[in-house]
Amino acid sequence: MSDGSSFYITTPIFYVNDVPHIGHAYTEVAADVLARWHRQAGDDTWFLTGTDEHGQKILRTATANGVTPKQWADKLVAEAWEPLLATIDISNDDFIRTTEPRHEKNVQLFLQRLYDAGYIYTGEYEGYYCVGCEEYKQLSDLVDGTGQYEGQLVCAIHSKPVELLKERNYFFRMSDFAERLLALYEERPDFVQPESVRNEIVSFVRRGLTDLSISRQTFDWGIKVPWDESHVVYVWFDALLNYATAAGYGSDDEKFARLWPATHIVGKDIARFHAVIWPAMLLAAGLEVPRQVYGHGWLLVGGEKMSKSKLTGIAPEQITDTFGSDAFRYYFLRAINFGQDGSFSWEDLSARYQAELANGFGNLASRVVAMVTRYFDGAVPAAVEGAVTDAERRIRETERRVTAAADSAIDRLAVHEAIARIWELVDELNGYITEQEPWALAKDPAQAARLATVLNTAVRGIGTLAVLLSPVVPEAAAKLWTALGGAGTVQQQPIRSAWEWEGGARVEPLEALFPRIEVEATA
Ligand code: ME8
């Protein structure tokens, strides 16, 4: 997946029943960092996100608000979901809405192909349906309700009662694919990640697969089944296909061939849809299964998954208004091991902002630029041969090492690890400046060669950091790059050889990258 080959990455398409919270933003920033990294590495990168607009959940919300589901979706997309992308600086290449003709038409095409190939039949189903999940649940997925739902069975994710439905629908012969899926998980151990999610998926499929009800007759907010317009397509079957329809399935074969297959970043709540149903659908259609499905952990509040339905959602702007988008992106990807659950706290956010971004990275950059300005009138000094010591050689070695280590972590989708590796250079450069004391060297004319060498090393070091951190903190990296007099934009700098940057001619004044924030005791 490196060296100019294609890297197609997706987020889930989010339900427009409500506005985004920081859980949705978390998935977006994780996928965005991966996309930006690959783009900067020169890979043919395509990053897709979008919205999931059909189904009962949206229909009910719209009806409760006295508008049509399309009106509701249009409003939420324009007022909440598209603005989210600007709020957290997302670099998506495309945004798909499932109500667009390019999607609807090709969902029908896909379904018709499965029908013609004999994978669809008519059947009857009775089961417990969770509208929050838009999914039939097994009894093992349900728990006893508490509070107002005492005595009822509720969905373990939404804590709301399920509905007993009995329907005559079209079914997809998903059970035919159990063996092939198990072989896939076996042959490609990294197909589903992380390990904990993989294990859960494997044991789920080992218990055997049932066929999947893929149409609904009791409401009409959905894509019509092409051979029987009294049915609409089941919302998940419709939604999963966004990854293919947006990539040109049915409309642009060349684009589809170039991009497919994709890496899907999703929350672990919907890993089963992506790692079981979706590859089964693709196998039935004779298409390649995804490159990878990564089910990341949950942001927790009070030990439970943060969610709007439980009124625990925090709006991303609550954080970015105070700390900025870079800090949002950095915090969630650094503080939480990607793949594990994590709790958000204002205290932790502000402590990391101050210690790591403001003092660790921001201050390092400001001091180096200020010293070049003061001691060399802004002209970046060259290192002087003969004045280079082991300390400089160690910094060069660290630059080289962390560049390679971060790239390898990104390849494994270990975003937190990539940032931690890059931070080793932040820490080492800070230690280097403390030890070398350029302010002391500046006082002694006999140390001119050492001063030039130390500041040259420091400039190259923070330039390397700007290039490596650009996918994570794009605004700060761009400001720093400009101040360092780097050529072009920081995003154009080849990330896999970040350490090779040799410094520009002059530095320009640099405003504080992460200004001091007086935080009130929020929430
Ligand atoms: O499931 N922590 O949409 P959705 C971390 N439309 N991530 C969270 C989170 C939390 N507390 N809460 C939500 C759907 N997410 C379907 C997807 S894809 C073909 C269709 C993130 O709006 C996480 O990525 O309920 C999760 O999988 C997704 O939002 C669910 O978004």
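Yeah, the Cβs are placed from backbone N, Cα and C, and that goes for glycine too.
Among the features that TrEMBL reports, domain 'Methionyl/Leucyl tRNA synthetase' is placed at 8-368.
In the predicted model, the motif ''HIGH' region' (14-24) has a mean pLDDT of 96. For 14-24, the entry in TrEMBL reads motif ''HIGH' region'.
Within the same chain, residues at least 6 positions away in sequence whose Cβ sits under 8 Å from that of His158 (Zn(2+) binding site) are Cys130, Gly132, Cys133, Ser307, Ser309, Lys310. Residues or ranges marked as Zn(2+) binding site by TrEMBL: Cys130, Cys133, Cys155, His158.
Annotation comment: TrEMBL describes 305-309 as motif ''KMSKS' region'. Taken through DSSP, the motif ''KMSKS' region' (305-309) splits into 0 helix, 1 strand, 4 coil.
Residues or ranges marked as domain 'Methionyl-tRNA synthetase anticodon-binding' in TrEMBL: 386-520.
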Treating G and I as helix alongside H, and B as strand alongside E, what does DSSP give for the motif ''HIGH' region' (14-24) in helix, strand and coil?
3 helix, 2 strand, 6 coil
Starting from the Cβ centroid of Cys130, Cys133, Cys155, His158, which together make up the recorded Zn(2+) site, report each further residue of the same chain whose Cβ lies within 8 Å of that point, ordered by sequence.
Val131, Gly132, Glu135, Lys137, Val154, Ala156, Ile157, Lys160, Val162
